[in-house]
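What TrEMBL annotates here:
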{"type": "BINDING", "residues": "C26, C30, C33", "note": "[4Fe-4S] cluster binding site"}
{"type": "DOMAIN", "residues": "12-229", "note": "domain 'Radical SAM core'"}
Amino acid sequence: MNAPSRPARPPQAPPIAMLAELTHRCPLACPYCSNPLQLTRREAELSTETWARVFREAAGLGVLQLHLSGGEPASRPDLVALVRAAREAGLYTNLITSGIGLTPARLAELDAAGLDHIQLSLQGVRADVADHIGGYQGGFARKMLLADAIRELGLPLTINAVMHRHNLDDLPESFALAAKLGARRIEVACVQFQGWALKNRAALQPTREQVEMAKAEVSKARAEYAGTLAIDFVPPDYFADFPKACMNGWGSTGLNINPEGKVLPCHAAEIIPGLDFWNVAGHSLAEIWQGPAFNAYRGTDWLPDLCRSCERVGIDYGGCRCQAMAIAGDPGATDPVCRKSPHRAKLDALILAETAAEAPDFDYRRMPKPERDTAG
Ligand code: FES
């Protein structure tokens, strides 16, 4: 399905934030990962020099914040050099990590290179649950040791907890653990069904009771931890009445770069057929930002009548294009989460079926097997 052609539009204001997926390699195998099913192999990853050039271009374009992500960014041996390059470019740097692959010594090097902030993922509050979800034995214990090292260094820490059917009941304990680890903020994000998470949706789908409980626990915890721990909560949007303003609107404030240098308007955009994602190898970031993939669903002119005539158009911009693709099979449709969407009944039926059934086993995230040499 091709994105509709549009008349020329005025240049878009620059982005504020950039997510750099340095690698898709990761020791963990979380089934809720938002990375695409087709993961990039090490050989195809951008070099240190190319990333450094991209960071300079980003700063020149107007980007202020750089989020270093993956996969597990610590799987890159040049992570310290990359952080240094980003800081030299003048970017605020945030490392999004599982902590596996970082040692106290490497952490100190990152600190010295100018790392501004760490976002540490939490798969669960107990080793058995966390290691099962992450598919990595001993991961929880190593993460706790690393959190101690982060606290000792005084690096600002946010805990990032992706919640779903298997850990939502432990929400109060997640707040308590984040406070104990010295985090200033916890982001409780109910799983967004993209990439591997979409593949594992039936296993991860929370029940309606869990969702209601989570909302009540968040309100309680915000009062309890006021002044000590900031709490961000991303509710599961399948259960909402209106869609989220995904990426604050397509191509409005942020861009993502995948490990091989393709620049995407959001992390899941590759599921949308017909879009031409330019690579940093062939274009400058400034060209890409005004290019066809970013203009495809920018603004509100392209929206279906249902959205354009809606009083919420300036709030949610029609919702998430990747979700419209995943549920409705049409990236140009109103997000099926919206109560006004003709596809909402499909989403309700899906929630009902998945929450009534027993959760299937996880299909863990995995890298593609090396290609066999079949010659001879
Ligand atoms: Fe792609 Fe929402 S994840 S637009």
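The backbone N, Cα and C atoms fix where each Cβ goes, and this holds for glycine too.
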Message: Return the residues near C26 ([4Fe-4S] cluster binding site) by Cβ distance under 8 Å, restricted to its own chain and a separation of at least 6 in sequence.
response: C33, G70, G71, E72, S75, S98, R365
- request: Give me the mean pLDDT over the domain 'Radical SAM core' (12-229), rounded to a whole number.
  value: 97
Field: Other residues, Cβ within 8 Å of C26, C30, C33 Cβ centroid ([4Fe-4S] cluster site)
entry: L28, A29, P31, Y32, N35, G71, E72, S98, G134, W196, R365
Message: Can you give me the same-chain residues 6 or more apart in sequence from C30 ([4Fe-4S] cluster binding site) with a CB-CB distance under 8 Å?
response: Q123, I133, G134, G135, V162, W196, Y364, R365
Message: Applying a 10 Å Cβ distance cut-off over all chains shown, what neighbour count does C33 ([4Fe-4S] cluster binding site) have?
response: 24
